[in-house]
Each structure stands twice: as structure tokens, then as C-alpha cells.
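Student: Below you will find the structure I want to go over with you.
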Protein chains: 2
Amino acid sequence: MRTYTVAILGATGAVGTRLMEQLEQSTIPVSSVKLLASKGSAGKTLTFKEEDVVIEEATPEAFDGVDIVLASAGGSVSKRLLPEAVKRGAVCIDNTSAFRMEPDVPLVVPEVNPEQLRHHHGIIANPNCSTIQMVVALKPLAERFGLNQVIVSTYQAASGAGQSALNEFFEQSQAYLDNRRMEANILPTKGDKKHYPLAFNLLPQIDVFEDDGYTHEEWKMIHETKKIMRNDMNDSKLKVTATCVRVPVPISHGESVYVELNNKNATVADVFNALGTGEGIILEDDPSHQVYPQPLNAEGKRDTFVGRIRADKENPGAFNLWVVSDNLLKGAAWNTVEIAERLVAGDLVHVK
Amino acid sequence: MRTYTVAILGATGAVGTRLMEQLEQSTIPVSSVKLLASKGSAGKTLTFKEEDVVIEEATPEAFDGVDIVLASAGGSVSKRLLPEAVKRGAVCIDNTSAFRMEPDVPLVVPEVNPEQLRHHHGIIANPNCSTIQMVVALKPLAERFGLNQVIVSTYQAASGAGQSALNEFFEQSQAYLDNRRMEANILPTKGDKKHYPLAFNLLPQIDVFEDDGYTHEEWKMIHETKKIMRNDMNDSKLKVTATCVRVPVPISHGESVYVELNNKNATVADVFNALGTGEGIILEDDPSHQVYPQPLNAEGKRDTFVGRIRADKENPGAFNLWVVSDNLLKGAAWNTVEIAERLVAGDLVHVK
């Protein structure tokens with residue numbers, strides 16, 4: 001049996017910690033693990049499967065002998081280092097946005113478009129967290145009924161902005177309850193000028209603004225969803241629009257998804273049945289027992305939870321859904337490791 | 001100049017406290033104020049314009065001599081007592097849902113359909129908080145471009161469920177930060193069986209469930225919006241659908257509103273201009289300076305804040321908006337007192 005040397009690029013962040021966990025629990029036969037980070041973190045020690053692993057500086061040469069790279073150290077790091085890793089024969093699964101929209105880079109959610117994995121040239125991109133859980137929910141609907149339009153409003157957790165944003169959010173929460181001034185230095189987005197408190201507030205800005213007034217997060221949801229669903233689900237005219245809002249929740253994104261199907265005769269029972277058999281989906285939809293997806297319940301789980309399924313009675317073939325998933329697991333670390341598992345199972349860990 | 005005896009029914013709640021404040025600051029020439037509550041609260045003292053007022057028990061006879069009633073003590077109390085008040089010559093503005101959908105009861109937001117005030121028969125209904133701020137934002141668009149469809153996802157504050165829910169939410173927040181178990185006895189809705197923590201969570205249930213899977217809050221947004229906009233804005237076919245979510249925010253609701261206009265040629269600049277001149281609206285929309293509506297900034301203000309105005313480039317005439325307002329002021333106490341001000345200004349404080 002082939003075994004694999006796996007490198008984790010950016011192992012110390014909110015996603016990185018979970019990449020380690022998910023890799024420990026995975027079916028991948030790991031012969032050795034390499035932890036790569038910036039010079040500042042090199043020399044520190046982390047534990048993988050109860051063994052100490054010393055963090056090395058992420059240089060091009062550090063990828064010598066590596067089979068699989070799981071990358072989550074920021075877009076600029078991926079851009080600089082992943083081509084070097086590929087040159088050395090490694091297959092890279094990138095959790096940043098660096099390569100997602102490159103035409104020859106597969107953008108993969110294993111439950112949705114696993115066939116794209118066969119076409120990789122060394123780099124496979126992991127979609128944005130808010131995109132992943134939405135396309136998992138859309139897949140069974142696309143397959144059975146076709147998709148015409150998707151209108152999504154997100155309720156995104158603080159951890160999506162990283163561990164430091166999550167820490168800041170908790171500090172703000174305690175300050176508010178103590179009637180002290182809330183400090184804001186990171187959220188809504190590190191890369192922008194002004195910072196606002198998220199605790200007990202709503203911030204309708206995730207990532208920076210584009211010229212058309214959409215944020216880059218909204219842009220990602222629109223264009224990544226199209227890349228995934230249009231190519232693979234044959235919904236070549238799928239329309240998508242998005243409003244992304246950061247909410248005072250630590251982990252797990254919520255999404256209010258309005259979907260117009262091509263099949264205008266689909267009933268709410270049809271949609272319920274389709275979602276109920278969807279891969280990676282757990283239905284939580286029982287109004288009479290107040291059962292519906294909640295972030296606190298989704299935290300730590302790999303699934304995408306779907307509920308509040310309702311027909312828009314005035315628009316045949318249109319439905320409202322409520323979708324929740326752990327943004328650090330299915331939205332990031334688990335989707336990345338799941339891609340690696342599929343590559344291993346399909347004997348696809350080699351650069352063509 | 002005519003002066004008015006004003007009774008407040010339910011003065012001790014989250015809305016009641018603000019009804020007192022808004023009435024104190026209003027232009028209404030109040031000769032005397034009567035505070036009415038259940039037997040349990042009778043005898044307690046509250047302050048109105050620096051004078052002590054003893055709370056009386058709310059009985060039919062307590063409305064003798066009252067000109068205006070501001071009611072916010074729950075639907076069943078309104079149902080029982082407001083007809084008695086009307087019988088005694090009082091004009092009642094009801095903040096509960098008791099009479100909203102009665103065909104002969106005007107459902108009024110002064111910025112939207114003030115002309116309906118002329119047709120009252122003693123009772124005027126204040127719409128649901130989440131409806132009010134949305135129709136304020138929709139009004140200038142309906143007037144200039146006509147409305148075809150509205151798809152709204154709400155981000156509603158804990159205080160919408162009352163003062164006790166707000167207290168519970170703060171206690172949960174501190175418990176979570178202290179790593180203690182969160183107690184839930186009120187939210188998502190007092191009237192239902194199960195209770196879940198709101199702190200650091202999202203609850204996609206506001207009010208009880210209807211048979212079709214929508215919550216009663218969603219039903220209210222759909223049907224109240226139609227009653228207000230269809231009758232008055234001539235949008236007789238306006239379609240509305242809603243997903244209502246309680247978020248861990250104390251005060252001020254957020255709403256992600258997707259609106260399809262009848263005029264498919266309207267540009268984002270047209271929509272921007274229309275909203276900028278809308279009554280009761282403050283535009284907060286400057287992405288280059290990260291200006292957009294936030295609940296923490298809206299708290300304590302009477303206006304409805306609108307921002308994040310974006311065209312859906314794939315659907316001509318369709319736009320995304322982000323709308324925030326203080327649910328206890330414009331969503332309740334201020335809209336109620338504003339109706340009373342308009343009645344006084346129009347000499348409409350008499351029962352036909």
C-alpha cells in the first residue's frame with residue numbers, strides 16, 4: 001500500500017489546528033507529516049497522532065519528498081509556494097482563494113463535483129466556506145430539478161476571519177457585558193482601514209469592497225458557485241446573488257437560501273425528499289418539534305444541516321431553505337482533507 | 001388648543017418604557033397621562049415628565065375620559081380592552097397583532113400610508129417591527145418604480161421577544177463566556193414548548209409555526225407588507241416571502257432585502273436617489289469609507305438606515321438592500337407615538 005508524506009502549510013491558525021485534527025482522523029495512510037510555517041513559527045512543536053512534530057520554515061525546498069500539501073496560510077503564501085511544491089511533485093489542496101478561479105484549477109466539493117479531481121494539474125482549490133455549505137445543499141436540487149436562480153443572505157461566524165478575529169470577538173463580548181468600551185482592530189476585515197465591534201452587532205461587510213458595491217466575499221459566493229454548479233450540474237445559466245453579513249457567533253455559518261428551480265412543478269415534498277438523500281446533508285426540519293439547524297449544534301460536525309424548507313406559494317418552483325455548517329470543518333479543514341481522501345482513494349496523487 | 005389625556009397600556013415592558021420616553025419627547029399636548037397595567041403592577045409608581053404617576057389596574061372603566069390609548073400589553077389584553085376604550089370615546093393605537101389584519105382597521109406606518117389614518121373607527125394598528133422598517137425602505141421604490149417581488153431574510157434582535165428575553169440573552173452570554181451551561185426558558189418564543197440558547201447562536205424561529213412551515217413572524221411580514229403596500233401603493237400583485245431569524249444582538253433588527261421592481265430599467269443610481277429622498281430613511285451607503293447600517297449605531301434612533309444598495313446584474317430591475325432600525329423605536333414605540341402625533345395634527349382624535 002502506498003503511504004503519503006503530507007505537509008500542512010499554516011498549521012497554527014483556526015483552520016490549521018482543524019486540518020491537523022481532520023488529518024489525524026482521516027483514512028489517509030500518512031507515513032509522515034511536515035508542518036510548515038513562517039520563519040517566526042519555525043522551531044515550535046505541535047503534536048500529530050501523539051508524536052511531537054517540529055515546525056519547519058516554509059521554503060520551496062521544504063516540499064522535497066512531499067506527496068500532498070494541505071495549504072491554509074493565506075493567499076499570498078499559496079501563490080508563492082504551491083507552484084514550487086507542484087514542481088517537486090506534490091499535489092496541493094489549497095484552502096485560500098489564490099487559485100480558485102483559474103480555469104485549469106478544479107474547485108472541488110467532493111459531494112458535488114468529485115469528477116473534477118481527475119483533471120487536476122497539481123493544484124486543487126477548496127472553495128470559500130460560505131460557498132461550500134450552499135453548494136452541498138444545492139447539489140441534489142440541481143440534479144433533480146435544475147437551478148435557475150439563487151438568492152442567498154449569509155449569517156457568518158467570527159471564526160471565518162481567523163483565530164485572532166475570534167479572540168477579539170470574545171474580548172468585545174466580555175467588554176460589552178462589563179459596560180466597558182469594545183476594542184476593534186481586526187473585524188470586519190484585517191485588510192481594510194476601519195474596524196468595528198462585532199459583539200452584539202451585525203457587520204454587513206466580509207472582505208473588501210469591489211467597485212460594484214458587492215464585497216469580495218459576495219463576489220466569491222457568486223462566482224465560485226457558478227464555477228462549481230454551471231460546469232458540473234449543467235445549469236449553464238444559473239443566476240446567483242449574495243449578501244454576506246458577519247454575525248456575533250463564534251463558529252458555524254447560517255445561510256438563508258432562496259432557490260428558483262427550473263422545474264416549476266417541484267413540490268415542497270419533492271424538495272424535502274431530494275435534500276433528504278443528498279450526500280453530506282443532514283435534514284433538520286420538523287417544525288412541530290421545533291427542529292431546525294442551529295450553529296451551536298453544528299459546531300464540530302462535518303455535515304451540512306438543512307431545514308426550514310418552505311415553498312414560496314406565489315412563485316412556483318421557488319423554495320426557502322436554512323443551511324448551517326461548521327465553517328472551519330466542512331467550510332475549510334474537512335473539505336480539504338476530504339479532497340485528499342478522494343485523491344488517495346482514486347490514486348490521483350501524482351502531478352501530470 | 002385641544003389637549004389630550006393619553007393612556008399607556010403596558011408601561012413596564014421593553015416597548016412600554018420607550019412609549020413613555022417617546023410620548024415625553026412628542027409634540028402631543030398631553031394634559032394628563034394614565035398608566036394602565038395588570039392588577040399585579042397596579043399601585044407602583046413611574047415617572048412621566050418628572051412627575052410620579054401611579055399605575056392603575058386596566059379595567060374597562062379606567063378608559064373613561066381617555067382620548068388616546070397607546071397599547072402594548074399583549075394581543076389578548078388589546079382584544080379584550082380596546083373595544084371597551086373605543087366605546088368610551090378613546091382612539092387606540094395598538095402595538096399588538098390583535099387587530100392588524102381586520103379589514104376595517106388601518107395598519108399604518110406614517111411615512112408609508114398616512115392617508116389610512118382618516119379611515120379609522122377607533123382602532124389603528126401598528127405593524128410588526130420587522131414589517132415597519134422594511135416598508136419604510138420599500139415606499140420610495142414602490143412609488144417610483146412599482147414593486148413586483150420582495151424576498152427578505154431578517155436578523156432580529158433579542159429585545160423583539162420582550163424584556164425578559166433580553167435579560168435571558170445577556171445571562172446566557174455571560175454564562176457562555178464563563179464556560180457555564182446556558183439556561184433557556186423563554187427564547188425562541190415564550191408560547192412554544194422547547195427553548196434554546198440565543199447567545200452565540202442563531203435561532204431560525206420567531207413566534208410559533210404555521211401549518212405550511214412558515215413561522216407566524218414570517219406570515220406577519222408577508223401579509224402585513226401586502227396589506228400596507230398593495231392597498232396603498234397600487235402594487236396589487238406584490239409578492240412577498242420571508243425567512244425570519246433571531247440573532248444574538250440586543251437591539252435593532254437587520255434585514256437583507258431583495259426587491260424586484262416593476263420598472264426593469266431602474267438603475268442602481270435611480271434606486272440610490274429614490275431611497276435618499278425617502279421619508280424616515282437615512283442612507284448609510286459608502287463602501288469606500290466602509291459606511292453601512294449597523295445595529296449598534298441605530299440603537300436609540302427613530303430612523304430607518306439603508307445601505308449596501310447593489311444591482312443584481314443578472315436580473316434587470318432587481319436590487320439587494322441592507323436595512324437596519326431600532327426595533328423598539330421605529331419598530332414599536334416611536335411608530336405608535338408618531339401615529340398619535342399625526343392623529344393630533346390632523347384632528348383625527350375622535351371615534352366615528
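Every residue, even glycine, has its Cβ placed from backbone N, Cα and C.
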Student: Of B:Asn327, B:Asn335, which one shares the NADP(+) site with B:Thr12, B:Gly13, B:Ala14, B:Val15, B:Ser159, B:Gly160 in TrEMBL?
Tutor: B:Asn327
Student: Can you break down the domain 'Semialdehyde dehydrogenase NAD-binding' (B:5-120) into helix, strand and coil residue counts using DSSP?
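Tutor: The counts are 34 helix, 32 strand, 50 coil.
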Student: Pop the Cα-Cα gap between B:Arg246 (substrate binding site) and B:Arg100 (phosphate binding site) into the table, whole Å please.
Tutor: 22
Student: Please report the distance from the Cα of B:Gln156 (substrate binding site) to the Cα of B:His253 (active site, proton acceptor), rounded to the nearest angstrom.
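Tutor: Spelling it out, the Cα of B:Gln156 (substrate binding site) and the Cα of B:His253 (active site, proton acceptor) are 4 Å apart.
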Student: Whole-number Å distance between the CA of B:Arg246 (substrate binding site) and the CA of B:Cys129 (active site, acyl-thioester intermediate)?
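Tutor: Spelling it out, the Cα of B:Arg246 (substrate binding site) and the Cα of B:Cys129 (active site, acyl-thioester intermediate) are 13 Å apart.
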Student: Have a look around B:Arg100 (phosphate binding site) and count the other CB atoms within 10 A of its CB, chains all included.
Tutor: 21
Student: Does anything in the same chain, at least 6 positions from B:Cys129 (active site, acyl-thioester intermediate), have a Cβ under 8 Å from its Cβ, and if so what?
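Tutor: Same-chain residues close to B:Cys129 (active site, acyl-thioester intermediate) (Cβ under 8 Å, separated by 6 or more) are B:Gln156, B:Gly160, B:His253, B:Asn327, B:Leu328, B:Gly331, B:Ala332.
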